[in-house]
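Enquirer: Input: one structure, supplied below.
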Amino acid sequence: MGILVLSGIVLLPVLLPIAATDDGVKKNEHTSNNTSNGTFSDLDKLSMANIEVQSPRLWAFLVATYWVSVVTYFLTFKAYKHVSALRATALMSNEVKPEQFAVLVRDLPNATSGQTRKQQVDTYFKSIYPETFYRSMVVTNNKEVDKIWGELEGFKKKLARAEAIYALSQGNGQGTRPTNRTGFLGLCGKKVDSIEYYNEKIKELTQKLEAEQKVTLREKQQGSALVFFTSRVTAALAAQSLHAQMVDNWTVTEAPEPRQLIWSNLTIKFYDRIIRQYVVYIVVFLTIVFYMIPIAFISAVTTLKNLRKLLPFLKPIVDIAALKTVLEAYLPQLALIIFLALLPKFLLFLSKTEGIPSGSHVIRAASGKYFYFIVFNVFIGVTLGGTLFASIKTIEEKPNSVFDMLAKSLPGNATFFLTFVALKFFVGYGLELSRIVPLIIYHLKRKYLCKNEAELREAWFPGDINYATRVPSDMLIVTIVLCYSVIAPVIIPFGVLYFALGWLVLRNQALKVYVPAYESYGRMWPHMQIRIISALFLYQVTMLGYFGVMRFYYTPILVPLPILSLVFVFVCRKKFYGAFCHTVLEVASQELKETPHMEQIFKSFIPPSLISEKQEDEHFEDALSQVSRSESSV
């Protein structure tokens, strides 16, 4: 919002009068307008489309290009310093955080004969950190035990529900015990008393779970572990150190929060992770490139003019004056938004497949993939698709004219993106603030499905902000508004309104509605900053090309801008990024308010499916190292 406000203060009062008072290009026959040529044609007079080729007035637009870049550099650098300070303050908190006392160790070498995994890990780290090593937890293959635990928890919920139904019937004076069928989905099979049946299943699965826990801990140990230290400084130091001469052995990184761990990914080997990463990158690249084809088709076909040609039976509907105005402004954008909603789940799956160990890292990775996808397919795809579709005959006759047409189509396409931004903040923030859909779903569940307090809490639970799509969507608006800020400055107020409303609405939602699923201490910010500068880089290249098409003699003055952006990214990465990758030692050395209870820290990392109801340490002795409490007191 700050970037757009400072840019708009200069651009709007200067560029709009300069563009509006020129008579150079009133209407360009090659201009591609993705909404309609009638409703918004007057907006072209407020853009660079109305400036004559080689006009001296282009000097103002060239200086404005530099102004937007300088504002972006200044504010993103200032924001980087601010977020770095916030991260340091949060990490220096005197509250005990379990993940600050642990490291994740992957790529364990083969244990020597007669040595268990936990003995191997304990011996290795005791020799390096004799004073502060506490104990280790060898990662196990929990697939089977997780399945049993999931079934057990499901039957516990069913039992609580059946007991609530029975208590309600007793309150109504009926006292009817609930029943169910034991077959597929409770629709067939023998009819039984629900409370007795669920109690029997719980007893049976509890015994089965205890047996499987012992088997898992003894026989399913994997080549990775969590190692705990009595000092935050030692844990931070260990996470930043190279522990073996071969990089594919004893890979040590910071431990994620216990709730973030993706246990199935912890055991993936070093080279497997690299191969998976490159395979996923190839798949994402192909997805980005080939998704452009249907998006370009949608953006071209969903204009009213093309719909009337392709679907003649819609003519009576689309010719209604009031409906026509709404449809021509919002139909392509609405189709685009629905189409894009199908993608995020696939990108989250791909990111998890890479072998990333924590949930927050998966979300950051998916966020990056989604950003490049929507920028390439929405911003670039709509611009190219609309122009090429509308001018295919001209291109066939004069193939060399394609670049001129693309450049000249930019001001016309501003109308599409202006209405796209308007739709996003009017509809998107309206739904976000009212939460009307979750409210309806909650009341339906409350009336027909929920029978006890636990089910009511689960139905009402709002979850976390969906950062995997929320951040890229905002970055797309940054890209659109930056790229058109000089070409069509009238888009700037819409961008300011989008982020002003977003600041008010999402601040409220984050503080008072959503429940955070994890804490990553600001690690999303470096990715956001890179994407803001990527948007700025695309804007600078776009302006360089557009000034070239306008045959402005002084266009080479813009050449340093993209180079300056690359240098700026390099400087920011060197200055700030290291403190976001690791916990800084001066931060970790701050004193705690209370002495950490190491056993509680250790137990917080035990997967729920491996927690024994008997709470006996001996239950874990095969996979979880035991040490003398007197040796490891803090």
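Cβ atoms are placed via backbone N, Cα and C, with glycine included.
TrEMBL annotations: computationally assigned, not manually curated.
Not my notes, these are from TrEMBL:
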type	residues	note
COILED	195-222	coiled coil
DOMAIN	3-78	domain 'CSC1/OSCA1-like N-terminal transmembrane'
DOMAIN	100-265	domain 'CSC1/OSCA1-like cytosolic'
DOMAIN	276-547	domain 'CSC1/OSCA1-like 7TM region'
SIGNAL	1-21	signal peptide
TRANSMEM	58-77	transmembrane segment
TRANSMEM	278-301	transmembrane segment
TRANSMEM	330-350	transmembrane segment
TRANSMEM	370-392	transmembrane segment
TRANSMEM	412-431	transmembrane segment
TRANSMEM	476-506	transmembrane segment
TRANSMEM	552-571	transmembrane segment
Enquirer: Using a Cβ cut-off under 8 Å, which residues of the same chain at least 6 positions beyond either end of the transmembrane segment (58-77) come close to it?
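Expert: Contacts of the transmembrane segment (58-77) (Cβ under 8 Å, skipping residues fewer than 6 from its ends): 2-3, 6-7, 10-11, 14-15, 18, 48, 51, 482, 485-486, 529, 532-533, 536, 539-540, 543, 547, 550, 552, 554-555, 557-558, 561, 564-565, 568, 572.
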Enquirer: Taking only the residues in the domain 'CSC1/OSCA1-like 7TM region' (276-547), give me the average pLDDT of this model.
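Expert: Its mean pLDDT is 81.
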Enquirer: What parts of the chain pack near the transmembrane segment (476-506), using Cβ distances under 8 Å and only residues at least 6 beyond its ends?
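Expert: Those are 1, 3-5, 7-8, 11-12, 15-16, 19, 43, 46-48, 61, 64-65, 68, 72, 371, 374-375, 378-379, 410-411, 414, 417-418, 420-422, 424-425, 429, 432-433, 465, 470, 531-532, 534-536, 538-539, 542-543, 546, in sequence order.
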Enquirer: Are there residues at least 6 beyond the ends of the signal peptide (1-21) whose Cβ is under 8 Å from a Cβ of it, and what are they?
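Expert: For the signal peptide (1-21), the nonlocal Cβ contacts are 45-48, 50-51, 57, 60-61, 64, 67-68, 71-72, 75-76, 478, 481-482, 485-486, 489-490, 492-493, 495-496, 499-500, 502-503, 532.
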